[in-house]
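Per Swiss-Prot, the feature active site, proton donor maps to SER182, TYR205. The active site, lowers pKa of active site Tyr annotation in Swiss-Prot covers LYS209 and rests on similarity to another entry. According to Swiss-Prot, the feature NADP(+) binding site maps to LEU19, THR42, LYS48, TYR205, LYS209, SER241. Residues or ranges marked as N-linked glycosylation site in Swiss-Prot: ASN272. Residues or ranges marked as transmembrane segment in Swiss-Prot (evidence: sequence analysis): 242-262.
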Amino acid sequence: MSLLKDSTVAVITGTSSNLGFNIAVRLLEGLPDNKEITLVVTSRTLPKVKEVISDIKKYIVAKIPTKVNKVEFDYLLVDFTDMVSILSAYYELNKRYKHIDYLFINAAQGVYGGIDWTGAVLEVLQSPIEAVTNPTYKLQKVGVESGDKLGLVFQANVFGPYYFIHRIKHLLENGGKIVWVSSLMSSPKYLSFNDLQLLRSPASYEGSKRLVDLMHFGTYNKLEREHGIKQYLVHPGIFTSFSFFQYLNVFTYYGMLFLFYLARFLGSPYHNISGYIAANAPVAAALGQTKQNCKTASACTRSGKEYLLEEEIDSTGSDDVVSYLDTLTKEWDEKLKDQIVNTRQP
């Protein structure tokens, strides 16, 4: 249990990412100064946890000094491609907390193999704005399974977090809020209902975000009706993410940034570029400033002034997706029923 009495508890998955860090600091800024907050940082590795906690502490001192004595830090080591790791995280939270106020599902994983540079050049020449809004030149590996014999991207981005929520639902009951971070690129075209684990998909990351959209629309009403939990769906727009930097050199990185700013100048509302602006929708949702029956996007004007966009989603197939996830959940409940884990091992 938190050392801070009656503290507000927030769990942010993928906190060490650009978006995760900015969700954390914006949430701290958005909560009242008299609120004591326990921020549960998550990552797959202990060094990343230590680094992001240090970065958030520095931000608090520099930008929100009124929160210096109001924030307590905790951490979870969790890998959503490992069901035993998810079970371990559940045990830790269940031991330490009686209630969780905010859960941000921000952790995301792709199985990228690089960039089709010929395709990238052609896309940029033919339609530069589309090339940096809905790119098709990012190469993704096909058929990658996790150690649990599930589609790796499906497990990391959809089923792993879904199962995690299933396990900790009692901690979120009666007022807890869940914020799922989806993507601008989650069109129905990326998902085949004959391949829900995305093992045959050449766009498994985008397909996983389509699954997140459908899962939300198939569950948010029931969560609120039966458990008093409010669930929201958001996307951060387009911003500089650390995950793809390994495929860029200094020239291609600044070329990408130039095209981002050009797209924004030409009227794209989604090229936020800044991780801080990208975190607007996730935090606004957590603070009750968005609707549950739509997808809310972080957006900005040409000058970088942030605002929110509401997007309607085609929810056809949401019941089928939830049924599939629930069947898998029951299977893994059975597989893990005798599992005992040592939970704080880095």
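Glycine too: its Cβ is placed from the backbone N, Cα and C atoms.
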Of SER182, SER241, ASN272 (the recorded positions), the residue whose Cβ has the fewest other Cβ atoms within 10 Å: SER241
Spatial neighbours of the residue listed as 'active site, lowers pKa of active site Tyr' among the recorded positions THR42, LYS48, SER182, ASN272 [C-alpha, 10 Å]: SER182
Among LYS48, LYS209, which are recorded positions, the residue with the most C-beta atoms within 10 angstroms of its C-beta: LYS209
NADP(+) site span - longest C-alpha distance across LEU19, THR42, LYS48, TYR205, LYS209, SER241, in Å: 25
All-chain count of other Cβ atoms within 10 Å of THR42 (NADP(+) binding site): 25
Rounded Cα separation (Å) that holds between LEU19 (NADP(+) binding site) and TYR205 (active site, proton donor): 17
Neighbour tally for LEU19 (NADP(+) binding site), based on other Cβ positions within 10 Å of its Cβ: 24
Using Cα positions only, nearest of the recorded positions to THR42 (NADP(+) binding site) (SER182, TYR205, ASN272): SER182
Inter-residue C-alpha distance, SER182 (active site, proton donor) and TYR205 (active site, proton donor) (nearest angstrom): 10
C-alpha spacing of SER241 (NADP(+) binding site) relative to the residue listed as 'N-linked glycosylation site', in angstrom: 11
Nonlocal neighbours by CB distance (under 8 Å) for TYR205 (active site, proton donor), same chain, sequence gap 6 or more: ALA108, GLN109, GLY110, VAL111, TYR112, GLN140, VAL153, ASN157, SER183, MET185
Local backbone state of SER241 (NADP(+) binding site), from DSSP in three classes: coil
